[in-house]
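Undergrad: Annotations for this protein, taken from TrEMBL, read as follows:
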- 22-35: compositional bias 'Polar residues' (COMPBIAS)
- 22-50: region 'Disordered' (REGION)
- 93-121: transmembrane segment (TRANSMEM)
- 96-525: domain 'Major facilitator superfamily (MFS) profile' (DOMAIN)
- 133-154: transmembrane segment (TRANSMEM)
- 161-179: transmembrane segment (TRANSMEM)
- 185-208: transmembrane segment (TRANSMEM)
- 228-245: transmembrane segment (TRANSMEM)
- 251-272: transmembrane segment (TRANSMEM)
- 338-361: transmembrane segment (TRANSMEM)
- 377-398: transmembrane segment (TRANSMEM)
- 405-424: transmembrane segment (TRANSMEM)
- 430-450: transmembrane segment (TRANSMEM)
- 471-490: transmembrane segment (TRANSMEM)
- 502-521: transmembrane segment (TRANSMEM)
Amino acid sequence: MTTLAGTRGATVWNPVVEETEQPYSTYSESSNPSMEASEFDENMPPQRSSSGRLSNFFRFFRKRRLQRTQVAGDFQFATAAQRENPFRQPFRLYILSIFAALGAFIVGMDISLVSGAQIFYNTQFGLNTNYQGLTASGTLIGALFGSILSIFANNVFGRRGTIFFASMISIGGALWEALAPSWPMLLLGRFIVGIAMGMLSCTVPVFLAETTPAYIRGALTSLYQQSVATGIFIGYVVDAIFVYVPGNIGWRVMLGSSMVPAIVEGCGIIFLPETPRWLIKKGYDEYALNVLLSLRSTREQALRDFEMVKDTVLEERQASEGKNLYLETIRVASNRRALIVGIMLQLFQQFCGMNTIMYYVDYTFHHMVGVSRRTSVIASMVAGFANAVFTIPVYWTIDSYGRRSLMLFTFPIMVAMLLVGGFSFFGSQWLNFTLVIISIAVFIAAYSPANGPVPWVVTAEIYPLYIRSECMSISTFCNYMFNFVVSFSWPDMLASMTAQGAYGFYALMTTIGFLYIFFFMPETKGYTLEQMKVVFEKSSFDIARYHWKCLTQNAKRLLCLSVEDSHITSPYDTPWPEDL
């Protein structure tokens with residue numbers, strides 16, 4: 001395989017960079033040559049005075065920020081203007097990304113619509129806690145089947161075709177829910193909507209990742225989670241509008257309103273192009289090149305991406321010929337490590353307790369805290385608004401600070417807020433209400449720019465092209481399986497463990513997630529999709545050992561202690577093999 005010059009050894013931010021050696025150029029050095037180098041002189045001995053220690057404390061984090069903005073991967077080929085403003089891309093790229101991400105709007109709306117609707121259909125159909133949990137999580141059962149169905153749909157119809165068919169299925173399911181005369185029919189309608197949700201969750205992140213340049217891939221792929229969060233908020237607004245509709249009409253309109261974004265998505269997606277990587281995989285090279293020319297800022301960038309993808313597709317086709325692709329996901333060590341990371345990220349996304357908050361926020365405030373239906377609906381709108389707003393910072397942080405850093409920074413905050421939310425139930429009603437809404441708002445503020453989008457961004461980018469549909473289907477299947485377990489079990493957990501025990505359980509799981517991410521999750525920022533296999537070439541224990549060494553060295557530097565003058569080699573920042 002022919003490797004383009006400069007594409008080997010994509011640079012990602014390493015938590016420890018040798019103080020006397022800077023093997024990679026930094027963004028600041030490329031874009032702002034006038035910056036005084038002495039300002040970040042790393043050879044100065046640490047100051048022992050109190051003011052010196054404070055100065056070194058701030059210099060430490062300034063260096064970390066400088067190192068995080070290294071010119072990496074795809075950025076090596078960017079023009080000066082692109083490095084200065086990486087979001088200066090063709091307008092067509094943003095139109096494509098927005099319309100593709102609209103599919104996730106359907107997923108988000110269902111989460112919040114059922115939260116308001118269940119207050120009414122539970123009473124109408126006389127559902128107990130088991131049936132209540134089954135109805136709320138009925139879409140998740142359908143999503144398990146939808147994620148499997150997406151493998152066939154993606155391989156045959158492509159990313160665009162899969163999104164179109166999922167939109168049509170969602171329209172039919174929403175109508176079925178709205179017109180359901182009985183509980184079994186309502187459950188069937190939610191199952192149909194869930195099939196569409198599974199297909200969209202498998203396909204939309206991949207569609208976004210395969211069409212965007214590497215240096216803004218994290219931001220644009222995060223549009224999936226932004227669309228989910230915005231859909232959740234709009235769903236709560238719809239709940240608030242129809243909460244006072246008399247009779248059995250209000251909850252039917254709530255559930256049926258999800259067909260609106262499905263109609264818009266179905267009509268808009270037919271005017272968008274297919275992803276270049278899928279087109280090249282199927283042999284439509286000329287069409288793929290034309291798509292890249294319309295989605296890249298320069299012709300040179302489009303040609304380089306085309307050649308890189310073309311070479312990778314040919315190599316993977318030869319390597320996988322006559323092989324079972326599902327066995328390839330576990331037989332090849334790098335594929336297996338990537339799949340494990342993807343599954344674990346989906347596990348900790350669900351077992352942090354976020355979806356128990358969003359599915360049951362109306363139920364929590366109305367039945368557990370004891371406030372009126374109107375107050376509970378308004379409180380749910382606040383939660384939905386916070387989720388949508390606090391997802392926005394991800395666009396400026398995920399490609400600058402990296403995926404792993406965002407997760408490590410926000411997980412402790414989520415643990416603290418879960419504990420606050422659990423202990424708040426020891427107080428009076430209004431103290432309980434105040435602390436619950438504060439803890440939920442802060443929890444969402446920490447979750448939305450990190451644990452919300454990062455698992456979808458990482459799973460959309462770490463799998464090789466020839467098994468991307470299969471691996472993404474497995475990851476999404478696990479996501480909805482974990483989601484179902486969390487959503488279905490929540491009412492029984494509250495009944496058997498009380499709120500304190502239930503919130504404490506999710507605080508423990510989030511703590512375990514923090515430890516897993518710290519040791520075993522590599523940083524994927526800066527790699528092109530074709531270079532991503534380098535990240536998982538070394539064993540998980542090599543990665544864990546590297547992160548531990550980085551922690552100890554950074555802690556010593558932060559405390560102005562002496563550190564060995566040696567560079568720690570990153571196990572997931574090695575050059576590509578010569579035969580590539």
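Sequential numbering from 1, following the chain as shown.
Positions of Cβ are set from backbone N, Cα and C atoms, glycine also.
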Undergrad: Which whole number is the mean pLDDT over the domain 'Major facilitator superfamily (MFS) profile' (96-525)?
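TA: Its mean pLDDT is 87.
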Undergrad: Pairs 6 or more apart in sequence, C-beta under 8 angstroms, 3 or more of them: is that satisfied by the transmembrane segment (228-245) and the transmembrane segment (251-272)?
TA: yes
Undergrad: Counting only residues 6 or more past its boundaries, what in the same chain has a CB within less than 8 Å of a CB in the transmembrane segment (338-361)?
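TA: Beyond its ends, the transmembrane segment (338-361) has Cβ neighbours at 111-112, 114-115, 136-137, 232, 329-330, 376, 379-380, 383-384, 387, 411, 414, 418, 440, 443-444, 447, 451-452, 454-455, 458-459, 462-463, 471, 474-476, 478-479, 482-483, 485-487, 490-491, 502-503, 506, 509-510, 512-513, 516-517, 520-522, 532, 535-536, 540.
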Undergrad: Restricting to CB pairs under 8 Å, which listed stretch, 185-208, 251-272, 471-490, 502-521, is in contact most with the transmembrane segment (161-179)?
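TA: Per the Cβ under 8 Å count, 185-208.
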Undergrad: Is it true that the transmembrane segment (185-208) and the transmembrane segment (471-490) have 3 or more Cβ pairs under 8 Å, skipping pairs fewer than 6 apart in sequence?
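TA: With 3 or more qualifying Cβ pairs, these stretches touch.
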Undergrad: Sequence-remote contacts (6 or more beyond its ends) of the transmembrane segment (251-272), Cβ cut-off under 8 Å?
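TA: Here the qualifying positions are 95-96, 99-100, 102-103, 105-106, 109-110, 113-114, 116-121, 124, 160, 163-164, 167-168, 170-171, 174-175, 177-180, 189, 193, 196, 231, 235, 238-239, 242, 245.
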Undergrad: What residues in the same chain, six or more past the boundaries of the transmembrane segment (93-121), come closer than 8 Å to it by Cβ-Cβ distance?
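TA: For the transmembrane segment (93-121), the far contacts come to 127, 132, 135-136, 139, 163, 166-167, 170, 183, 186, 190, 193, 196-197, 200-201, 203-204, 207-208, 211-212, 220, 223-236, 238-240, 242-243, 248, 250-251, 254-255, 257-258, 261-262, 264-265, 268-269, 272-273, 295, 355, 358-363, 366, 373, 376-377, 380, 384.
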